[in-house]
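These come from TrEMBL:
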- 1-58: domain 'HMA' (DOMAIN)
- 160-226: domain 'HMA' (DOMAIN)
- 265-331: domain 'HMA' (DOMAIN)
- 369-435: domain 'HMA' (DOMAIN)
- 461-480: region 'Disordered' (REGION)
- 465-477: compositional bias 'Basic and acidic residues' (COMPBIAS)
- 482-548: domain 'HMA' (DOMAIN)
- 558-624: domain 'HMA' (DOMAIN)
- 648-667: transmembrane segment (TRANSMEM)
- 698-720: transmembrane segment (TRANSMEM)
- 741-762: transmembrane segment (TRANSMEM)
- 768-790: transmembrane segment (TRANSMEM)
- 933-955: transmembrane segment (TRANSMEM)
Amino acid sequence: MTCGSCVRSIEQRIGSLNGVMHIKVSLEQKSATVIFDNSKQSPESLAEAIEDMGFESSVPESSSVTPVSTDTHLIPTSDLTPAAQQEAIEKLLQIQGVLDVREAKPLVGLTVTFVPSLTSVQQLRGAVPGASPLEIQTPGSPAQIGLKSSPSDTAVDRAAILKLCINGMTCHSCTTTIEGKIGKLKGIEKIKVALESQEATVVYMPYLIAIQTIIDQIAVAGFKATVKSKPHPLLLSPQEIERFVNSQSPKKSSPSETEIFIDTALVLLRVKGMHCCSCVANIQDNISVVPGVSSVEVSLEKEKATICYDPLKIKVTQLQSAIEALPPGQFKTELWEDRCALSAASTSLPPASSATQALQPCFSQPLASVVVIHIEGMTCNSCVQSIESVISQRKGVMSAKVSLVDHQGTFEYDPLLTTPEELRAAIQDIDFDATLPETNSLLPAPDAVCSKSSSALPVLGSEFDSDRHSETPKGHTGDTPSKCFIQVGGMTCASCVSNIERNLKNEPGIYSVLVALMASKAEVRFNPDITDPLKIAECIKELGFTASVMEDYEGSDRNLELVVRGMTCASCVHKIESSLMKEKGIIYASVALATNKAHVKYDSEIIGPRDIIKLIQKLGFEASLVKRDRSASHLDHSKEIRQWRKSFFVSLFFCVPVMGMMIYMMIMDHRMNAAHHHNATVEDLNLYHSSMFLERQLYPGLSIMNLLSFIFCVPVQVIGGRYFYIQAYKALKHKSANMDVLIVLATTIAFSYSLVILIVAMAERAKINPITFFDTPPMLFVFISLGRWLEQIAKSKTSEALSKLMSLQATEATVVTLGSDNSILSEEQVDVELVQRGDVVKVVPGGKFPVDGRVVEGHSMSDESLITGEAMPVTKKPGSSVIAGSINQNGSLLVSATHVGMDTTLSQIVKLVEEAQTSKAPIQQYADKISGYFVPFIVGISVLTLIAWIVIGFLDFTLVENIFP
């Protein structure tokens, strides 16, 4: 056996074998204690069954099979119907420790054979409503007289109430886990877990489930539970109290007052040989069923057992022998130095009184004081246990109780042996920040023994309920902590962060502070009755930083987009949405059947993405994260660079001949004008042009130059201008106009006009070649595509640093579940976006840190050069902070996540770079504003020009001929 999982596997497998009534496995002792039926099992068969599970087991030679005494009780069932009696038999057979249930003849009741060390008469009574047990003395069984109850007494049918203290809860997800796991157990009627007080109230059926089973199941969920207030073994009605008193005293009591005389003694024993909580449970469970013992309380840290017993039925030496006889047989007992007894304690219990009077102790407690120390740096339950174990071992410390939620520890100590300052220094030595509040006073410790002794008295059910509802958790005033976010400016390094956190924590009413350097943000939990966000911001300003309250900041609200498979109709959509909205922490849920996607808004303080995915999977659907682009493809401009390069070279290839012909015609015109600039007429110019090679007509109205220009212009218009036309179409589709629209408009009009005028000239068989503009589109597309190509190259250079930053992010994380001793119980490989705050992540040598956090366990060196620029590796030990994206070098580390997702340092750096690239200077913003009106303005001017020339042409066409001969 290596861990608690092995223990539970053996207990579940062997406990289900036929003939096995009870099994208790000890990991520390490497042993198992089994109560079984000799006729169905043997030690050898049990050892073989354990070996079949993959464990090595053997029966020790010194160990012998010890007979277990059994009792037989008759439970009257004359008032029950046959169906009810059969149901009662089934209930009795389900109780642990019941060997056999038979119907007595004639139909008097049920004969139950059971093991007294595993169950009690009270549990048997609880399985049969309205029945009172009458014990039949059998050979070999000790004779006992069962309590007789009136037909109206159905108190045992009611569920018992149990209060537990649960350590290790950090968020509402923990409470939901415990409530869901324990609430499904058979015999649990109701459970309510309070995160603030770290307590659980359980309503359960004692005859179906034991207290230890509830505690073990909570431990399986990963939390440590201890009993705060046990249910009283017997609830007496006023009539039963009066009958009990009459049987004890010959004097008849007055109708207004009834006295109960309880002769009780209290003994304190030092118990050596205990190693773990299993030993504590072993002693408490076995000694509490010894006749004459009222209550047993065992402390593992103090090696002390407090036993309340009846000296007329059992002696102290017998108690010591009983403890020493318990398996594994290594317990040693001796009397405590401050032992004294409660004897002849008398309590008056009026039937109409509102409370039961407590026994007054006849002994004095040692001098004790209590100090509350504020502790920072704790990230998980392992930190809590580490502080409690170290401080409780110090000389003079009687008890240590640390709260992870409140960030404080309550310590009971002897002021003659130690001081609060020494305790604070001891906490500092184990790498936690500890401070003593200025208003802290040394209060006398409560008399724990007195409260434990008084709990042995019978108490009415109504009084127990009133105590349960009126009890206030220690350290809490009932106020719910509030949370605010402060925008902090002026921070330059981690020292600034530490300075703000340290000083704010010393302010009254502030519970916790979490400052993010890159986000320039502080998350503060505070008591709204003592302080408010404006005062907190003023405190930060006094430290030399700028601070403002973020009113509309969503804080811990997160958005999650999931792909949901398996939905077939609108009923599936409604089922998922309604189930999600019922869960704590989910603010909004929307599911689309057509796209198979779900959009969920949730509070990351209460629930996480993994919890949401599991909830959907429990409904019978498959859910997974929408795959996000982690390759930074939106920063990759290679596609745009290729397309504009292609456009440029195509346009250039066909533009060069067109430009060559245009230059040739310009040179020839210049020569002709230079030679005949005095006497050249229009006819002479036309004759000269017709004699040129390019101006020769292949067909009336179609010259060689116009034909070649058309041939070279078409590929440019179709291939080179393709991307311009696409962008212009998209802009017009959204009712906007950009530069692409203007370019397409100019080239299209030039090409269309030239083509139309050429066709008209050919149709009219014109002798003079028309003037065309086929050279305009190639030249425009060449220069503009060149500019676009250079622009995309520049963009790729500026985005290269950002894409390298994003490539540093890890894609997956190994989330582990830790035991009480920091041992890894399970590992799970999850997407980095599914890591939640408070998760413990395992980082192996050479791996990247997926999130920001604090080291819980392990020592290593971290390469943070890609993030901070620091060339030398940084040492990491428990309590050290780690940065997402940095590389773990030579040791495996367990890291508790403090910043996840978009809150990590690396994500904040990426966000800042993106914002820097998208932000614009004021002059650039003004230029962009003008460009929005530029295109409509140019188009408007062009239309007005066209209209003006049309009007002029209608009024005086000769004017047009003179200007354009």
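Every residue, even glycine, has its Cβ placed from backbone N, Cα and C.
Just so you know, TrEMBL annotations are computer predictions that nobody has curated.
The domain 'HMA' (369-435) is not in contact with the domain 'HMA' (558-624), judged by fewer than 3 CB-CB distances under 8 Å for residue pairs 6 or more apart in sequence. The domain 'HMA' (369-435): residue composition by secondary structure is 22 helix, 24 strand, 21 coil, according to DSSP. Scored on C-beta pairs under 8 angstroms, the neighbour of the domain 'HMA' (1-58) with the top count among 160-226, 265-331, 482-548 is 265-331. Within the same chain, residues 699-702, 706, 709-710, 713, 717, 721, 724-725, 728, 731-732, 769-774, 776-777, 780-781, 784, 934-935, 938-939 sit at least 6 positions outside the transmembrane segment (741-762) and bring their C-beta atoms closer than 8 Å to a C-beta of that stretch.
A mean pLDDT of 82 is what the model gives for the domain 'HMA' (265-331). Sorting the domain 'HMA' (558-624) by DSSP state (H, G, I as helix; E, B as strand; all else coil) yields 23 helix, 25 strand, 19 coil.
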